[in-house]
Amino acid sequence: VEILDWKTKKQLCFLDKVEPNATIREIRLMFHKFYPQWYPARQSIKLDPKGKSLKDEEILQHLPVGTTATFYFKDLGPQIGWTMVFLIEYTGPLFIYFLFYFRMPFVYGLDESFTSSPHPVVNLACICHSFHYIKRLIETVFVHRFSHGTMPLRNIVKNCLYYWGFAAWLAYYINHPLYTPPSYGKKQINFAVVMFLLCEAGNFSIHVALSDLRRKGSKIRKIPYPTKNPFTWLFFFVSCPNYTYEVGTWISFTIMTQCVPVGLFTFLCFIQMTIWAKDKHCTYLREFKDYPSLRMPIIPFLL
């Protein structure tokens, strides 16, 4: 096996006596012995310089190569595990929100420091926001199973700016001394809380169902189907009900707080999750010929 640099086409190493049934992961490990600084998660091994990275489980003899296989290597840069990524992304908003909720002196000024809001909805919003991110942290540790082990370290800065920045913006206005409660009072708030709790329960149920679908360490993709849990019945109509419930959670939070920044965050979440849902839906259609035709990516019968 010959491995070349994807950009310069310069030979980096030649792996001798590689078995035909060797996997790409085994080839990555062999390459790592030549270049310790490029650990397997950092390597992109391709058949073509501009092609897609080969998967770990692909077998050498099943690839379109001759007696001497030529692969191209690309350095993906420093990597970080997805579990750590989510822990960092979700811990930030949880604590940033409290800085505004407790009205730290450097936020609203000394005159308003450490004062409680006269509006009960502000306390309720803090409870719901905290519950959402605590749930995410628990799911990250105990529920989620990641098909991709790592992501580029540079991406975490962008992700944290998004999550942490919006958390600060939302919290600033919701906990502001001049904040006004929703127009329809308790009826609007109570409706939003019920909707929030249902969507959170639905989102958690879908994550558990997806986790049960894949054994630990397995990368085999299967079609998710509804279970006896009623919250999973949304699988009858959409491919990614976890995103549907997630958007529903933020819509309910918008209704609860009646705050423009929350509404904008919800809108951006919907756009991003629609993109993810469409990509996942297309992957399902491409990989499974018997995939349910009634399903849409994120919104039943529409989108």
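Each residue, glycine too, has its Cβ placed from N, Cα and C.
Features of the protein shown, as given by TrEMBL:
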type	residues	note
DOMAIN	1-75	domain 'TECR-like N-terminal'
DOMAIN	150-303	domain '3-oxo-5-alpha-steroid 4-dehydrogenase C-terminal'
TRANSMEM	80-102	transmembrane segment
TRANSMEM	161-179	transmembrane segment
TRANSMEM	191-210	transmembrane segment
TRANSMEM	230-245	transmembrane segment
TRANSMEM	251-271	transmembrane segment
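Between the transmembrane segment (191-210) and the stretches 80-102, 161-179, 230-245, 251-271, Cβ pairs under 8 Å are most numerous for 230-245.
Within the model, the domain '3-oxo-5-alpha-steroid 4-dehydrogenase C-terminal' (150-303) carries an average pLDDT of 94.
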